[in-house]
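TrEMBL annotations:
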type     : residues : note
REGION   : 1-31     : region 'Disordered'
TRANSMEM : 168-189  : transmembrane segment
TRANSMEM : 196-216  : transmembrane segment
TRANSMEM : 236-257  : transmembrane segment
TRANSMEM : 278-302  : transmembrane segment
TRANSMEM : 322-343  : transmembrane segment
TRANSMEM : 364-381  : transmembrane segment
TRANSMEM : 393-412  : transmembrane segment
TRANSMEM : 433-452  : transmembrane segment
TRANSMEM : 472-493  : transmembrane segment
Amino acid sequence: MGLLSRLELPSASDGKESNETATNKDLQPIPLNSPERTWSWPSLLGFWIAEAFSISMYQVSSTAVTKGLNPGLAILAVFIGHALVCVPAMLDGYVGATLGINFPVYCRSAFGMRGSKFAVLVRGIVAVIWFGTQSYQGGQCLAIMISAIWPSFNHFPNHLPASAHVTSTQLLCFFLFIIIQLPLLYLNVSHLRYMFMAKTFIMPAFGLTLFIWALVQAKGFGPTFHKPTHIADGTPVAVVFFQCVTAAIGPKATLALNMPDFTRYAKRPREVFWTQAVGLMVLVTMCGVLGATVTSAATVIYKVPASKAWNPLYVAQLWDNRAAQFFAGACWAFAVIGTNISANSVSFSNDLSLWFPKYINNRRGAFICALLSVGAVPWYIQNSAKSFSSFLGSYGLFLGALAGILVCDFWIIRRKQLSLSALYSRSPAAAHWFWQGFNWRAFVAFACGIVPNMPGLAKTCNARLHIPKGAIYLYSLAWLISILVAGLVYWALHKISPMAASVDPADVLNGVDSETASDVVVEKTKGKAFDV
C-alpha cells in the first residue's frame, strides 16, 4: 500500500461511480436534526464575545488614535465598520445555518465547481497570514509571562540584526506559542463552543478591569477623551476616518465569509441574524472602546507616544507589578488561542479540504495551517501601527469582492433558490457547473471589484510611487467599494448572460420554510453522494 493510500480519509469519496464531486465528511452538509447541530444562541453569541476580545481587535481602534483621531471618532469608526461588515456576515451565516454547508461548498454556487477553488484560495491565504500574525502576538504574551516569573529573561541575548524586525526572544516565543496551540487544533468545531464559553467569562472581566484601571489612573474620561483630533501629515480628517472604518472591517472581513463554517452547527437558523447583529455591532465594538480608551489613557499616564501605547502588551510592560503583567499576558494569550483556532485554522482547514478532499479534513488542515503560518513572517506586519493598518486594508478589498459576489448570487439573483445536490455534482448539466466548472461572470466581477483599489494598494506597498490623491482617498473605502462594485457587476453580467436556475423543486428554499427545506434537501442528497 502506497503512502497516498495510507493518507486517504476513511470518509473520503472520489464520486466517480455517482458522477458526484470528490468529498469527505467535513464537506458534507449537516442536516438540521443532526446531533452535530449543538450551537444554540448562547454559543453563537459567545462566539462573537470570544472574537471581540483579542489583541487585533484592541489594536484596530488604538491604531485610529495613533493616526490622530480623537478617541470618540476612533470608536465611531469601529462601530460603523462593524455595522457594514455585519450585513454580509448575517446573510452568509444564514446560508450555512439553513443548508448546513460550509464556505467552500457555498462558493460553488457562484464560482462553479472548479472555480470555487480560487475563491477558497484567496480566503485560505489570508487565514494563514492571520494565524501567523495572531501566533506572533501570542508569542509576545508568552514573553511577558516568562519575564514576569523570571525577569532575567528580559536580558536574553539577541543574535538577529535590526533589519529583521524581530529579536531572538520574540522568535523563540513565537515558535513556543505555535507548539502550545498544536494540541488544541485537534478539537472539532462542534466542541469549540466550550472554549468560547470559557472566553466569554474570562475576557470581559479582564477587559472591564483594564478599562477601570485606565480611567482611574488617567483621572476619568476628561484627559482621555478630550484629546483633539490632530492629523500630523495633513490628510483630511474624513479620509483618515474612513481609513479607520476600513481597518475596523479588516479583521471581520474574513469572518463575514467564514460564518457558514460555524452556523452550519446552529440548532435554529433564525437565531443567526440577531446574534450576529448584537455580537458584532455591540460586543465587538466594546473591545474597540477598550483599545481607544487604554491607548489614550496610557499617553496621559506614562507620557509615551500613542505609536507605542497602541499595543496592550507594551502597556502591560509599563506596570510595576509582575503579577499583573503575568495575568495580563495569560489573558491575552488565551484570547489569541481562541481567535486563532476559530477564525483561522478552521477556515483554512475547510478551504484546503476542498482542494484535497481525499486527504485533508479539519484536523489535518489545522496542523498544515500552523506549519505554513511560519512563512507569513508576521513580525513585519506587527512592526508598527502603520504597517498593521496597511495590512488590514489591503487584504480586505479581496475578501469584500468575494462577499459581494456570494451575497448577490444567493439573495438577489437566485432569491434563495439554491440546489444543494447540484453543489456536489460534476455533471455538465448541473446548475453550478457553468463552463468547464468555472463561472466566468464571478471572475470578471471579482476583477472589477478590486481594480478601483489597485492604485491605492500600490501606494501602500511603495510610498515612493506617485499616485493621484483621489485614488489614495478612494482606497480608504477599499472594502466597501470592492463589495459593491463586484456585486453590481456580477448582477449586470447575469442580466446580460443569464445563469441557469435551480430547477428541482425539492432542492429550493423558495416558498418553503427554510428549516424544513434544509432537512428535505440534505436527506435527499444523503445516501446518494455522501454515504461511502
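Numbering starts at 1 and runs along the chain as displayed.
Just so it is clear, glycine is given a Cβ too, placed from its N, Cα and C backbone atoms.
Just so it is clear, the model here is predicted, and its values are computed rather than measured.
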Listed stretch, out of 196-216, 236-257, 393-412, 472-493, that has the most CB pairs under 8 angstroms to the transmembrane segment (433-452): 472-493
Interface present between the transmembrane segment (196-216) and the transmembrane segment (322-343) (three or more C-beta pairs under 8 A): yes
Region pair the transmembrane segment (236-257) / the transmembrane segment (168-189), three or more CB pairs under 8 Å: no
Leading stretch by Cβ pairs under 8 Å, where the reference is the transmembrane segment (364-381) and the options are 168-189, 196-216, 472-493: 168-189
Chain residues outside the transmembrane segment (393-412) and at least six past its termini with a C-beta under 8 angstroms from it: 87-88, 91-92, 95, 106-107, 109-111, 119, 122-123, 126, 129, 243, 246-247, 249-250, 253-254, 256-257, 418, 442, 445-446, 449-450, 453, 457, 460-461, 475-476, 478-488, 490-491
Long-range neighbours of the transmembrane segment (168-189), counting only residues six or more past its ends (CB under 8 A): 135-136, 138-143, 146, 153, 156-160, 195, 261-262, 265, 333, 336-337, 340-341, 345-346, 362-363, 366-367, 370, 373-374, 378-379
